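Features reported for this protein in TrEMBL:
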type: REPEAT; residues: 129-160; note: repeat 'PPR'
type: REPEAT; residues: 161-195; note: repeat 'PPR'
type: REPEAT; residues: 223-257; note: repeat 'PPR'
type: REPEAT; residues: 285-320; note: repeat 'PPR'
type: REPEAT; residues: 387-421; note: repeat 'PPR'
Amino acid sequence: MLKLLQNCKTIRELKQTHLQILMHGLHESDFVLPKLITLASELVSLDYAVRIFRNSQYPNVISYNTMIKCFVGKTHHGALRVYDQMKALAILPNSFTFTFLLRCFESFEALGNGRVIHGDIVKLGFGSSVFVQNTLLDFYAKCSGNLDSACQVFEEMPERDVVSWNSMISGYLAHGEVEFAIGLFDLMPERSMVSWNSVVSGLSKAGNMELARSVFERMPERNEVSWNSMISGYVRLGDIKSAQCIFDQMPKRTVVSWTAMISGYTMIGDLESARNVFDQMPFKNVVSWNAMIAGYVHNHEFDRALYAFHQMLIDGKCRPDQTTLLSVLSACSHMGSLEHGKWIDSYTKRNNFNLSIPLANALIDMFAKCGDIENAKAVFDKMAKTCVITWTTMILGLAVNGQCKEALALFDRMHVEGIKPDDVIFIAVLSACTHGGLVEEGERVFDLMVHKFGIVPRIEHYGCMVDLLGRAGKLEEAVQFIKGMHLEPNAVIWATLLGSCKIHGNGDMLESVTRKIMELEPSNPNYLTLISNLSASIGQWRDALISRVAMRQQGMEKVPGCSLIQVGDKVHEFLARDTNHEERKEIYWALSCLNGHLKAVCDGS
């Protein structure tokens, strides 16, 4: 039965084996039960594992330890209940019991529970176990706001090994106490490779590369972790030249080292160097491909991201994972490439990808931004679990696709289902109200946010409300709302109001609002263009000319508008007055013909 359990890879296989175990009366076996509990937790669910454990009449300490271990990273309350039951039945814990318990509490920073277990450790005579004391030391170092408790455990330890010293040094580094960490490191009676690497890695993560380099140079020997810690440290600081220097000195480069360099170059926008490193890699894994694809997305080279993804599929040596698909879906969303997005959706279904919350959220976002709101709804309705980001994405998707009342209804449904909203979802809901011109609903939502959920409005919430009131023509009400803000209104708030003045042809506010904007951001070309256009629209040509002249004198240009359109499998990008497209002559000829037809129709009418 143990051999059968070891060969179980699917839920079906496990349940069949479980049935065989029950039929042969082996469910109480001290050898079979722990393995069955572990596999049940991994392949089926934690609840299934708990049911197996509860149905056992004579579990021993190993079974209890196994059950507690299953709770690590999932919940600490369940682990505590199992431990309490263990004590009630007078089953004596061993060192592994406390190790697994403390790891459960560490995952959720349950400091109070950890202190209770500390008391049991002392009472039951495990205070002399270096194994248990090391776990306790590590727990306090990670879960306490300070290192007082960890220091006390360290000082009181009757015996310390290299793990004890390493845990204490890592704790000091994690809390930013570099001098104490280095002082303790220098006092170590014996240093292992892990000790050296802990210091180098800790200093690198803290950004203290000068000190990290000095410790690195002192190392009697180095391994892959040592070199990669230095490379990653320089990459985090954006010092790619130093990272490249370390990389060039490496006696043996690993895929981790190559990938770190790719990420470093993409972080500073040097995509050509990143691609050169990528192409030189002797071996690539899925993380390497993800770094390259994500690098293109991060630098807004969305078409190149999709091309790299296609290369990955053609290469066939690495299967895309969820991280790959998240990056590619982000590229599709930004490009408005529905065809590519649909293909990714189809790919996830064909390859039986688990529809995780992040992947489903990305699919909803892509479909909504590409205008396919029905498919976005289909993904949303299919989700077994959701989070507040899911609801935010769906509400915003409905809003930008003109289904503003549906967006509000979805928010109300979320409220009924007991999901607590955050400040971001209120921006989405208020945006829906703005898009739909739903003034009363917007005021209700804003009031709900402030008074029911106690969320302090951000400048974005105020901006939505000013836009909502302004678009509805309630300009005076918008001004009063701005005056009542607890934050100082920025240029965006005033520019939003100015835009509403343009929509409703209200020149009375022009001078005062313009003055506010110019005081805050006198050199912003977007605002100067807005002021100039509004002045011209109401016949104040002198003011419009002054704004234009100011822009020219300061050498400012407004960023031209950009459009994307997909034809076949290629996405074309156009700027205003574009002269770069390879088929620009044919495009402008077609545009001229259309203008001619429109003019003829208008003249004929």
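We count from 1, first residue shown onward.
Using the three backbone atoms N, Cα and C, a Cβ is placed for every residue, glycine included.
Residues 193, 196-197, 200-201, 203-205, 207, 209, 212-213, 216, 263-265, 267-268, 270, 281, 283-285, 287-288 of the same chain lie 6+ residues outside the repeat 'PPR' (223-257) yet bring a C-beta within less than 8 angstroms of a C-beta in it. Counting same-chain residues at least six beyond the ends of the repeat 'PPR' (129-160), those with a Cβ under 8 angstroms from any Cβ of the stretch are 95, 98-99, 102-103, 105-106, 109-111, 114, 118, 121, 167-168, 170-172, 174-175, 177. Across the repeat 'PPR' (387-421), the model assigns an average pLDDT of 93.
Taking H, G and I as helix, E and B as strand and the rest as coil, DSSP gives the repeat 'PPR' (129-160) the counts 23 helix, 0 strand, 9 coil.
Within the repeat 'PPR' (285-320), the DSSP-based counts of helix, strand and coil residues read 27 helix, 0 strand, 9 coil. Helix first, then strand, then coil: DSSP counts for the repeat 'PPR' (223-257) stand at 27 helix, 0 strand, 8 coil. The DSSP breakdown of the repeat 'PPR' (387-421), given as helix, strand and coil counts, is 26 helix, 0 strand, 9 coil.
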